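Asks: Structure below; questions to follow.
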């Protein structure tokens, strides 16, 4: 047992990445992979069973808990943004350096791409069997919607853009409230569960129009995977070239969410001077994070 522990310790030292930003990028990649793997996996189960193994509620529950698990996995290393819109908001508020925006976004998109690949491999036979060995983007036998979001038939581009804008703004307002230490902060350790609950609420109230992507990486990574896996360029042209809406609109919604929270709540909160005990706790926490 002693030799085994020593061997494990040595392996850990050899594999330890000293470049902190790279460690954070890897954490974002894995956290987003978990989010997409469980979230899109639930969609696959519902679609491929034609509704006999779940429904709208199970999909929303899966995405909510998937976000929670992703945050629990990556939170201590990177903050677990798992979403370029969240990273953009944090950079906009000067809580993160701007260099993290492209790096986190790339890592999150890669994680989403890999998560989609896992779901595709897991349900490979079922996907091909679903439409007699054909891959359709939309329609009664469409399977591309397992991985990325597409607008419902009733939705036009303007309404769809507004849908993603409001959904993301709501997400950012709630996230900022959850992490704000001066606004009834969530008990330490429960942030992940609370953010997962926010995603669940957004899904159950705003998911009808287009599936509430509210996350450019979660949508574009799997969409790119489907384009390469056999669905082709139709994943970008379907829905009046819908693909750009879940990228642009959430970023604009992120800015709106920041302004709404700061103008109506954040700028008006009293910030009492921290006691020595509180300051020590913060410093200890920062020191611990730096050693990861």
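Every residue, even glycine, has its Cβ placed from backbone N, Cα and C.
What Swiss-Prot records for this protein is below:
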{"type": "CARBOHYD", "residues": "141", "note": "N-linked glycosylation site"}
{"type": "INTRAMEM", "residues": "79-92", "note": "intramembrane segment"}
{"type": "INTRAMEM", "residues": "211-224", "note": "intramembrane segment"}
{"type": "SITE", "residues": "63", "note": "site 'Selectivity filter'"}
{"type": "SITE", "residues": "212", "note": "site 'Selectivity filter'"}
{"type": "SITE", "residues": "218", "note": "site 'Selectivity filter'"}
{"type": "TOPO_DOM", "residues": "1-24", "note": "topological domain 'Cytoplasmic'"}
{"type": "TOPO_DOM", "residues": "43-56", "note": "topological domain 'Extracellular'"}
{"type": "TOPO_DOM", "residues": "75-78", "note": "topological domain 'Cytoplasmic'"}
{"type": "TOPO_DOM", "residues": "93-100", "note": "topological domain 'Cytoplasmic'"}
{"type": "TOPO_DOM", "residues": "122-159", "note": "topological domain 'Extracellular'"}
{"type": "TOPO_DOM", "residues": "178-189", "note": "topological domain 'Cytoplasmic'"}
{"type": "TOPO_DOM", "residues": "207-210", "note": "topological domain 'Extracellular'"}
{"type": "TOPO_DOM", "residues": "225-242", "note": "topological domain 'Extracellular'"}
{"type": "TOPO_DOM", "residues": "265-292", "note": "topological domain 'Cytoplasmic'"}
{"type": "TRANSMEM", "residues": "25-42", "note": "transmembrane segment"}
{"type": "TRANSMEM", "residues": "57-74", "note": "transmembrane segment"}
{"type": "TRANSMEM", "residues": "101-121", "note": "transmembrane segment"}
{"type": "TRANSMEM", "residues": "160-177", "note": "transmembrane segment"}
{"type": "TRANSMEM", "residues": "190-206", "note": "transmembrane segment"}
{"type": "TRANSMEM", "residues": "243-264", "note": "transmembrane segment"}
Asks: Could you give me the DSSP helix, strand and coil counts for the topological domain 'Cytoplasmic' (93-100)?
Replies: 1 helix, 0 strand, 7 coil
Asks: Distance between residue 218 (site 'Selectivity filter') and residue 212 (site 'Selectivity filter') at the Cα atoms, whole Å?
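Replies: Computed Cα spacing between residue 218 (site 'Selectivity filter') and residue 212 (site 'Selectivity filter') is 11 Å.
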Asks: Taking the transmembrane segment (160-177) as reference, which of 57-74, 101-121, 190-206, 243-264 has the most Cβ pairs under 8 angstroms?
Replies: 243-264
Asks: Please report the distance from the Cα of residue 141 (N-linked glycosylation site) to the Cα of residue 63 (site 'Selectivity filter'), rounded to the nearest angstrom.
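Replies: Distance between the two Cα atoms comes out at 23 Å.
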Asks: Calculate the distance in Å between the alpha carbons (Cα) of residue 212 (site 'Selectivity filter') and residue 63 (site 'Selectivity filter'), and round it to a whole number.
Replies: 11
Asks: Would you mind giving the whole-number mean pLDDT across the topological domain 'Cytoplasmic' (265-292)?
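Replies: For the topological domain 'Cytoplasmic' (265-292), the model's average pLDDT rounds to 54.
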Asks: By DSSP, what is the split of the topological domain 'Cytoplasmic' (75-78) into helix, strand and coil residues?
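Replies: Each residue of the topological domain 'Cytoplasmic' (75-78) counted once, the result is 4 helix, 0 strand, 0 coil.
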Asks: Output the one of 63, 141, 212, 218 that, of all these recorded positions, has the highest number of other Cβ atoms within 10 Å of its Cβ.
Replies: 218
Asks: Please give the sequence-distant neighbours of the transmembrane segment (57-74): residues at least 6 beyond its ends with Cβ less than 8 Å from one of its Cβ atoms.
Replies: 27-28, 30-32, 34-39, 41-43, 45-46, 80, 82, 191-193, 195-197, 199-200, 203-204, 207
